[in-house]
């Protein structure tokens, strides 16, 4: 890593279109094409202060784009003050990270920056200093944007591109910020997550912190609530903890509904991550690239992913635990990774399978369409014929869709946007099944029409047919067991049955730390995110920041 005063760069603004910035960093020239990153924010995003004041968020200081000549090498930057940025420039296996030096060095000036390459960092050489309030919001926003780069590139329906469901394809799914809540002083309320713990000499145990945070901030109004803290714990190996989304119907994870606990409704849609790790002997700060993968890991628990190798389904476990010669551990390995291996920023087949199962059950609860629109986000919007987003080939185009989001000459459609479109950019014939029947969901197969790229809605199977969990089909809907005609009761009669409690998973870290990055294009859901908490401990006073986040959905 290197510390320098600002970065040598030149900004070129056009009357219309993207911004071009030429950076000279660590002896290399980087020409980046940037667009405003407004899609990382909900249209009504705001900052809430501890005194109750709400402020609008200025989205004009946040950008995303790519390296000139290579649209697959992504750039995510947030401007903190003039000439000072935080973010990453993806350059293959040698990505560059930029962040304020004041996050790590007490003596650093506001304009000092820390620059390092992803494969050349000794985390033990970094020392944590006091950060300034003015940089905290852009730091947190940029982190969410970088985590989006990991999520939105994933096709959770991989292998089923021509068999789309009514809900659309599970791609381009990420996060957008709804609210940044900044608490600048500890709470006086005993047991509050922004105060000292009432036991352990005031030092929080990770489980107790997540429970306290859940009681205060868990909410069905948001997809996910995330507390970012800067502290180590009584169980020092933990740097993150999350409730896992349980596809069997238990509480916990993204889009969770409230559960009655001791006469109080509680939502277990919460996670926390810490910007501070612990070797077992001393604390150390996580730098930008390390913090990303902790967050991506815990978000994935909320999306239903277990630790690799610990899934209930034993099939395929071996391919989810490859050795270093096969790319190293995936994101959801039990131990956080250093990020040097290719798989460290990828989801394993086991994780993708688990997350897809969860999305099938919950996407309709809180996922919503992306608010921002632009050519290249992978979503066909008004004025566009097609939009293949990250599926474009390396030269920035495809045989079906142009970089201007227009159909190529002689193309009828794009298979990346329409399930009844084939690889030759033409419509599938009328005997092509675009949506296989699913009797357990009370749906029959749906066929293409032969004159459209869209897949018609799936017809219902016969009423009275059996469906999931001993239910019964009625007009294409699976009625719960208790509501079957032969029983004719309401579902609440069955709620006395023991419901599995929320499953907790932690990202155990001792000396190993983790990495970040990937590629992005979002689509939404609602997340409330509590961010950047520095709690009072026996050695340092702190402050809690909560960030409320909304998230983009599927197509």
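Going from the start of the chain as shown, residues are counted 1 onward.
Glycine is treated like the rest: Cβ placed from N, Cα and C.
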Annotated stretch (transmembrane segment, per TrEMBL) among the listed ranges 488-507, 508-527: 508-527
Binding-site residues listed as 297, 301, 307, least Cβ neighbours within 10 Å: 307
The domain 'Peptidase M12B' (141-371) [mean pLDDT, rounded to integer]: 83
